[in-house]
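What Swiss-Prot records for this protein:
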- Gly170, Asp171, Arg172, Gln173, Thr174, Gly175, Lys176, Thr177: ATP binding site (BINDING)
- Ser363: site 'Required for activity' (SITE)
Amino acid sequence: MVNIRPEEISSIIRKQIEQYNQEVRVINIGTVLQVGDGIARIYGLDKVMSGELLEFEDGTIGIALNLESDNVGAVLMGEGLSIQEGSSVKATGKIAQIPVSDGYLGRVVNALARPIDGKGDIPASEFRLIESAAPGIISRRSVYEPMQTGLIAIDAMIPIGRGQRELIIGDRQTGKTAVATDTILNQKGNNVICVYVAIGQKASSVAQVLNTFEERGAMDYTIIVSEPANSPATLQYLAPYTGAALAEFFMYKGRHTLVIYDDLSKQAQAYRQMSLLLRRPPGREAYPGDVFYLHSRLLERAAKLNSQLGEGSMTALPIVETQAGDVSAYIPTNVISITDGQIFLSADLFNSGIRPAINVGISVSRVGSAAQIKAMKQVAGKLKLELAQFAELEAFSQFASDLDKATQNQLARGQRLRELLKQSQSSPLAVEDQVATIYTGVNGYLDILSVGQVRRFLVQLREYIASNKSEFTEIVKSTKTFTDKAEKILKEALQEYTELFLAQEELEKTKS
């Protein structure tokens, strides 16, 4: 047996005493009184804060929303089927936050930023609060750069700028999602990070959008945040804030971002469900009193940052669904008053074959021509006026039997201009192609064609310019201006191609 000297023992004990650290941890614990419908009532937790995350015995996470005198009302972020009455709940001392990194690009995640596309974990070293404060007045600058959507009707008449919030509003099945997804497709090569937030959508619809993005190579710069219709209301309520937090991560790094919220009506319904189950007093249309704040604090996070903060931007395109075209309902009026303009999609236009079904008369952009390149301003000025006059004349001409020649000509021009605005889904146009198309219409080059020939003529004209008059495209692209030289080249192309097109049509007629 080894002899141990007493002083060795005492020195070991002394070292251990020195290393001993009496750490006191206070854990705030409560007891579940009642649970069901995604809501838990908890007794205790007297030090809990509003919005704090709670952890239940089975690992489910909840958010404390109602702090009452004798209990706490919490919403569950999950099914919570194994939570029982009497089980304990612990306050975590944290509020909802998500991991963020460049690794999220090309991935599909849920409202807690966890991947749901089966491609493994996403590495992230940084965290952002799901609900963070919007940039202040001093942190912003006015919107001045265009955010091209690739849709002629929008880019020419309802222009959107980087940092703007533009509402897309219309009945179901009028092409709202198509306008938003086309805008994402058009950002290819523009160094814009896109976030598509699907709230309460059918999983099949989200899969279709994902498929389109993958086919067109748009997932390289896009993140999809999805909480389908079968998700708990809490997660549907959180999804838009998660999308905004992911976009903010890139915005504060000086990047340009675009966020689509599809759609905020579903988020408001999820929030209404949570509020009614928490027994908060209902207001108009049974929505809680703070439903305006729900959307305003989300949309105010979209901004164009000043040069000290890196000139990044977040452009928001919220979507709201109306019932039978009623724009004066509660949620539509709220979101219209928060945003910088709205694009109104009409079911009547959609059904009559005008797609995208944008009602140019009541759609508006409050940023206006500040968000257009000079070339677009030069050619698009006449377009909105001529279309407005045409709409007025068309309504009037239904009652008049004999119209004078000038009126007939104006109606004919209007019909061709309306045809010019039609575009197929998932085929956004570059801005130089849009300039050529609008110039062709407003300067009467389509007047000699029948309405049925217009779209075919324009598609082939754009191909002709690309292959034979590429100098025009280069001038508009590099100078962002419709110069005299560009106009001269375009006029030549129009004269040459119109003759060619009419000769081809004549040849086909004689063949048939």
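Keep in mind that glycine also has a Cβ here, set from the backbone N, Cα and C atoms.
Where Swiss-Prot records a feature, it is marked here on the structure.
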residue : record                       : Cβ contacts under 8 Å, 6 or more apart
Gly170  : ATP binding site             : Lys176, Glu321, Thr322, Gly325, Phe344, Leu345, Ser346, Ala347, Ala357
Asp171  : ATP binding site             : Glu321, Thr322, Gln323, Ala324, Gly325, Leu345, Ala347
Arg172  : ATP binding site             : Glu321
Gln173  : ATP binding site             : Ala347, Phe350
Thr174  : ATP binding site             : Leu345, Ser346, Ala347, Phe350, Ala357
Gly175  : ATP binding site             : Leu345, Phe350, Arg355, Pro356, Ala357, Gln425
Thr177  : ATP binding site             : Ser205, Val209, Asp262, Ile319
Ser363  : site 'Required for activity' : Met157, Ile158, Gly341, Gln342, Ile343, Phe344
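Excluding Gly170, Asp171, Arg172, Gln173, Thr174, Gly175, Lys176, Thr177, which define the ATP site, the same chain contributes Glu321, Leu345, Ala347, Phe350, Ala357 within 8 Å (Cβ to the Cβ centroid), listed in sequence order.
Secondary structure at Gly170 (ATP binding site), as computed by DSSP, is strand.
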